[in-house]
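What follows is one structure encoded as structure tokens, with my remarks underneath.
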Amino acid sequence: MDSAENRTPQSLYCEPTGSITSGGLLFGHNITNAVFPLLLMQISLANLFTAIFQILLKPFGQFSFIPQLLGGITIGPSCLSRYEKISDHIFSSKKGVMMVNAFENVGLIFLFFLLSVQIDLNVLKRPGKLAFAIGISALILPFLITLAIALFLKEYISDEELQGSLSMVAFLESGTSFHQILYFLKDLKMLNSELSRIALVSALISGIGNWVYLTIIDQLFAYSKSAQWHTIVFALTSHLFMIIVIVFAFRPLILWMMRKTPERKSLKESHVAVVIIMVLCCALYAEIIGLHPLHGPIVLGMATPDSPPMGSTLSNQFGCFVWGVLMPGFMINVGKRINLFELQIGNFLIVAFITFTSGLAKFIGTLVPSLYFKMPLRDAFPLGLILSGRGLFDILFFYRAKQAELISDEIFGIMAITVIVHSAIIAPIVRAVYDTTKRYMAYNRRTIQHTKQQGELRIVACIHEPDSVLPILNILEISTPTEKSPLAVYVLNLEELTGRTMPIFIPHQYSKTPTLSPSLSSSSSSSSSSSLTSLAKVKPTRASRILNVFHQYEQQRGRSVVIQCFTSVAPYSTMHDDIISLAHNKCTTLVIIPFEKFDSPYVRTVNKNVLEHVPCSVAIFLSRGILVDSKYLHSQPVISVCVIFIGGCDDREALAYGARMYENPNILLTIVVFIDANAITNSEFVEKRHDQQAVANFRINSYENTNVTYKEERLAGVSDTINALQLIEKDYDLILVGRRHNKYSTLLKGLSDWSEFEELGVIGDIFASSDIRSRASLLVVQQQASVVEEMIET
């Protein structure tokens with residue numbers, strides 16, 4: 001379709017020189033007579049109404065695009081533009097319309113370029129049988145069923161306009177947008193789940209098929225008025241030439257710019273400017289040869305690597321600007337074409353029926369292959385709902401069909417309304433049916449306390465930054481691995497997902513020059529731990545360094561330590577899913593998370609989510625003093641370790657962890673028990689009995705060990721507690737403490753009101769606070785959260 005159709009051909013519009021700005025309302029000038037104030041008002045109102053609807057719909061857990069569409073509809077003839085003065089002076093003014101159209105088109109160019117950059121086509125090399133079957137089924141079945149029903153209904157429709165457009169409605173409704181499914185999964189916070197990986201690959205397969213269909217129809221429509229075949233041949237040859245230039249000229253230049261960028265640094269401004277020029281040139285060239293201007297940026301985006309620094313820089317620098325400044329123009333134009341007062345109920349029911357049929361066909365096309373490949377119904381049902389969803393990117397295709405006069409304004413409005421209604425129904429159902437946290441619920445005890453001291457201890461060690469590698473190695477060494485009580489360590493390198501679309505989970509295999517081959521595998525069941533594991537091609541520098549360090553430590557420790565390394569590249573909002581999934585699949589007893597006071601809020605949110613949902617015990621490690629660097633690991637000096645015991649399941653877990661350390665001759669272990677001097681001892685309390693039994697067992701087992709010291713501190717109140725903690729932190733290299741305690745205890749009462757780091761608990765927060773300058777590292781232990789209530793009841 002020639003983009004010239006998007007212009008206003010009715011008349012020549014002349015703009016007086018100097019009318020871009022108004023000169024100011026205070027100086028008596030009418031701001032609606034100038035282009036720039038009109039543009040600012042429309043964009044500001046679109047963002048304002050979007051923000052209002054986001055606030056109103058947030059409690060209902062709706063998708064993020066719904067407030068954007070409702071904001072555009074509010075501006076349109078259904079609400080504000082219904083008043084003639086507002087419409088004529090602001091929203092329907094030719095000055096404002098021209099600028100909004102320009103912003104819309106530029107916004108779409110950069111939006112589709114950014115989205116295309118994020119597409120990882122490597123997943124198509126090995127999509128897996130399940131994802132491939134779903135992708136093909138969800139592509140063909142809705143198209144056949146919906147088109148057949150549309151052709152049948154044509155015979156009974158009297159409205160000629162709807163009758164002529166019904167086949168196109170069926171075709172548009174049967175499509176699947178990969179980007180929309182991606183945004184659904186982001187909004188549902190399911191991006192790291194196995195279900196999302198299947199959904200994304202399936203949607204990508206269906207989306208490519210739909211894109212081919214749309215391109216063919218686009219070209220046929222553009223040249224339907226021309227009987228000259230040489231015009232079509234010239235256009236296809238020009239299209240091929242554009243692809244060749246992008247692949248063999250632009251892509252090598254982009255790769256060169258990436259190589260010239262230091263690791264973990266952003267692209268230079270000059271390099272970003274070059275990328276912008278490339279995008280605009282591709283759009284202009286596509287316009288010249290008769291293609292839609294989006295074709296060029298889409299091809300360029302797919303040829304651009306999504307890995308840092310290219311993908312992350314483009315996403316960070318362009319993303320907010322495109323969505324906040326340019327894309328409101330699209331929302332405004334969509335809203336202008338939706339008039340709720342002009343929709344005919346008969347036409348609405350017919351189009352809504354086609355939409356429902358299409359959604360049902362997609363649902364069945366997803367459900368049947370999923371069940372055939374033995375996917376549980378509890379996974380197949382939400383997967384079908386997600387892939388049957390419609391959203392903003394689908395409305396974009398409807399809008400394109402409206403511009404080409406393939407559907408009318410009324411039909412476009414009905415299709416947009418059905419998208420909103422359909423998505424509003426799907427979102428709460430999927431949230432209710434698919435709860436990832438319940439899937440990792442443990443039905444047996446995975447705690448250090450209930451693990452045999454002479455048995456294997458399985459640990460997930462998380463790495464947010466390379467600086468955490470040595471402290472993690474030190475804490476593993478302090479855990480005293482031996483051949484009788486070995487450590488199985490699963491190291492998880494955590495990196496934020498920026499630039500690329502799909503999260504990846506990489507199991508590393510050690511080699512002298514590790515390489516990561518791009519592939520994607522899937523098993524017949526979504527519950528398999530290896531299902532849809534992506535070995536994406538990323539920069540191996542950080543991962544390889546971490547891998548080499550842990551491999552050397554594994555070789556030094558011999559049979560007492562076995563290490564396997566993984567990398568998770570995911571958004572912070574769902575990064576905890578990979579940690580929890582790994583802990584669940586490997587049946588680990590402990591997850592160790594490094595902590596820094598200057599961690600970003602996003603990292604702290606990940607830590608809190610792990611604490612809340614992980615199916616085993618968790619230890620948050622704040623490294624200081626000798627445990628920060630390699631001195632301890634290389635020289636093995638004698639260090640002093642203190643376990644503070646106040647009471648509760650977390651303190652018992654910390655005590656059990658300390659019990660694994662005292663067999664190391666280079667560790668001097670001290671157990672300090674805080675006793676409330678004012679409390680009335682009552683051994684009938686279940687928790688009290690468990691505490692007494694744990695301390696008694698420890699003292700019996702360590703009775704002959706001269707490296708173990710037992711102390712009791714009788715405290716009268718909070719002030720005594722703080723004084724005792726200040727004395728303790730000066731004498732030890734490592735302090736172990738439980739995270740959760742009885743908040744009504746007189747020894748801790750009121751301290752939680754002053755806590756800065758709630759994930760460390762009351763005692764841990766005191767040690768981590770800036771008021772105490774300590775050389776002691778801190779290990780805050782939380783016992784398996786999912787069985788705490790069961791243990792208390794017993």
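Every residue gets a Cβ built from N, Cα and C, even glycine.
All annotation found in TrEMBL is predicted automatically rather than curated by experts.
Positions annotated as domain 'Cation/H+ exchanger transmembrane' by TrEMBL: 50-430. Annotation source TrEMBL lists domain 'Cation/H(+) antiporter central' at 549-626. According to TrEMBL, the feature domain 'Cation/H(+) antiporter C-terminal' maps to 639-784. Among the features that TrEMBL reports, transmembrane segment is placed at 34-56, 103-123, 130-153, 165-185, 197-217, 229-250, 271-294, 314-334, 346-368, 380-399, 411-434.
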Is it true that the transmembrane segment (271-294) and the transmembrane segment (103-123) have 3 or more CB pairs under 8 Å, sequence gap of 6 or more?
yes
Are the transmembrane segment (103-123) and the transmembrane segment (346-368) close enough to be called in contact, which here means at least 3 C-beta pairs under 8 A that are separated by 6 or more residues?
no
Report, as numbers and ranges, every residue of the chain located at least six residues beyond the transmembrane segment (346-368) whose Cβ falls under 8 Å of a Cβ in that stretch; write 'none' if there are none.
134, 137-138, 140-142, 145-146, 149-150, 153, 157, 159, 162, 166, 169-170, 173-174, 176, 202, 380-381, 383-385, 387-390, 410-411, 414-415, 417-419, 422
Verify whether three or more Cβ pairs under 8 angstroms connect the transmembrane segment (380-399) with the transmembrane segment (165-185), leaving out any pair fewer than 6 apart in sequence.
yes
Structural state census, the domain 'Cation/H(+) antiporter C-terminal' (639-784) (DSSP three-state):
53 helix, 36 strand, 57 coil
Applying the under-8 angstroms CB criterion, which one of 130-153, 314-334, 380-399, 411-434 scores highest with the transmembrane segment (197-217)?
130-153
Return the stretch with the most CB pairs under 8 A relative to the transmembrane segment (411-434), choosing among 130-153, 314-334, 380-399.
380-399
DSSP residue counts for the domain 'Cation/H(+) antiporter central' (549-626), split into helix, strand and coil:
38 helix, 21 strand, 19 coil
